[in-house]
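Single-structure report; data block below.
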Amino acid sequence: MTDLPDDTGVPAPEGPSDLIDTDYSIGQDNIEGSVGPFGFDIHNPVFAISGLSVVAFVFYALALPEQAEEIFGALRPWLTSTFDWFFLSAANVFVLFCLALIVLPVGKVRLGGTDATPDYSYIGWFAMLFAAGMGIGLMFFGVLEPAYYFGTPWGDEPLGLVRPFDENGNLIAANVDEARRMALAATSFHWALHPWAIYAVVALALALFSYNKGLPLSIRSAFYPLLGERVWGWWGHVIDVIAVFATLFGLATSLGFGATQANAGLEHIYGLPNNVTVQVLLITGITAIALVSVLRGLDGGVKVLSEINMGLAFALLLFVLFAAGAMTILSEFGRGLVAYVQEVVPLSMPFGREDDGYRQGWTAFYWAWWISWSPFVGMFIARVSRGRTVREFVTCVLLIPSLVCIFWMAVFGGAAINDMVANGADSMVKANVIDNYVPELSLFAMLEGLPLSGITSTLGIVLVIVFFVTSSDSGSLVIDTITAGGKIDAPVPQRVFWCIFEGAVAIALLIGGGLGSLQAMVISTGLPFTIVLLIMCWAIYKGLSAEPR
């Protein structure tokens, strides 16, 4: 297997492929040099615009926190109430597009050329897709979301929900089963086909135009069928800058969630104060650990941490499953899966609904967050999927992580719901999710009702921190690749820069309004990138149509 001669760092196609003949050479627009002992190799307009904008944003939010909080506080509800229909419609397009690729003849196209063979076995590939489905989000929302939907009147149309608690907080036994079923269905909707269709679109674009067309591993490469050589000019610069902003604020949102959850756990176990000051110190300290991981490189840093984290996450999952009642939870997993299939269409409808709190407050935010995360997750999936046909690629990317996420939610959410049903008004989950909305404490409230809560809560904090480190390290690599013009071996100080500013953006947003500010910015940056992804679907189809099968 040889690399392409233009130093893309991408293996050349094996067998017949629609290799694009372009005069562009990777890095030709880059500026190389050094500042003291630190070298740099940056794509001039993309790095300059992205870097300066991020620095300016951080200084603004830190210098004028009250003004920033006021702006961010008004921004999120306006965006979700104005553009909720657009986010829902776009996500539906991505799902339908992926389903079409599975059944259309272009599904026979093989990533990497007609003679390419997979780099990993099915078991190894499935394991890495499983890993892609894990993250801070599952730790933060695994208990919160199912418990919230179970015990809160979050909407009527289109589902006609029943409520398991009366006005006095007493359990209505006859409503428990249906409320549990719909809570798991509504949660699964946010973690299954729709987000993974978003990731599949980006991953397929990166894989197709790199492995089959011989272009750099960057977002702009996907638009070559539509823009031609202009993709290397300002059109491409704009696309890459939007991708950088979306990825950066998507990561910052996740890091903010992680910091607030870790702080809540430390308060719960050790009595540490739970406030923004401690959260800033946590982000600073964990970012420093992420920097060590960056300096150690992929094999010595993020790879080792990811393997450790996967083992710890799996151990915690098994513990909760058996400690909370395996047979009951497995049964609810099956019922929740069926309910998801039954309700996915009405939950996907962008119009004619009365559940504004769910559609705007949850779904629109989630779709924007997943879209912002898509370059990060998409590049990882693309790198491990060479040699697969489009049909098996899309099918597995949609199904494997979706099932993992649904199972995780069924285990952690099922344990939380069991706690509320068994303990009623005395339930710590109910106290921290329903009676007093303290989302960052939901995981630890659920673990408190199980044996060995001190050990498992500490393990939960460790998991959140290591997810934080691996996300920051991997995210800085993705952003650095984009801002280095597609080079995958840019100088390490550039990754250090982005790693530091991922933490700085998270700190600035927490100071400028907390979780609401994080959510406002991820929706703001996800909106323009949604347009990029919609156009990308057409470019992918054009690119696939020219490929031999």
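Every residue gets a Cβ built from N, Cα and C, even glycine.
What TrEMBL says about this protein:
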type	residues	note
TRANSMEM	46-65	transmembrane segment
TRANSMEM	85-104	transmembrane segment
TRANSMEM	125-144	transmembrane segment
TRANSMEM	191-211	transmembrane segment
TRANSMEM	277-298	transmembrane segment
TRANSMEM	310-330	transmembrane segment
TRANSMEM	364-382	transmembrane segment
TRANSMEM	394-417	transmembrane segment
TRANSMEM	450-469	transmembrane segment
TRANSMEM	496-515	transmembrane segment
TRANSMEM	521-541	transmembrane segment
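The stretches the transmembrane segment (46-65) and the transmembrane segment (394-417) do not meet in space: the count of Cβ pairs below 8 angstroms, excluding pairs fewer than 6 apart in sequence, stays at fewer than three. Between the transmembrane segment (310-330) and the transmembrane segment (85-104) there are fewer than 3 Cβ pairs closer than 8 Å, counting only residues 6 or more apart in sequence, so the two stretches are not in contact. By the Cβ criterion (under 8 Å, sequence separation of 6 or more), the transmembrane segment (191-211) is not in contact with the transmembrane segment (496-515), since fewer than 3 such pairs are found. Note: the stretches the transmembrane segment (496-515) and the transmembrane segment (125-144) are not in contact (fewer than 3 CB pairs below 8 A, sequence gap of 6 or more).
Nonlocal intrachain contacts for the transmembrane segment (364-382), taken as residues 6+ away from its ends with a CB within less than 8 angstroms of a stretch CB, comprise 76, 79-80, 83-84, 87-88, 90-91, 128-129, 132, 137, 190, 194-195, 198-207, 210, 217, 219, 243, 246-247, 249-251, 253-254, 397, 471, 474-475, 478, 481-482, 519, 522-523, 525-527, 529-530, 533. In this chain, the transmembrane segment (450-469) lies in contact with the transmembrane segment (125-144); the count of Cβ pairs under 8 Å, excluding pairs fewer than 6 apart in sequence, is at least 3.
Across the candidate stretches 85-104, 277-298, 394-417, 450-469, the maximum count of CB pairs under 8 A to the transmembrane segment (521-541) is reached by 85-104.
Against the transmembrane segment (85-104), the recorded stretches 277-298, 394-417, 450-469 differ in Cβ pairs under 8 Å, and the greatest number is found for 394-417.
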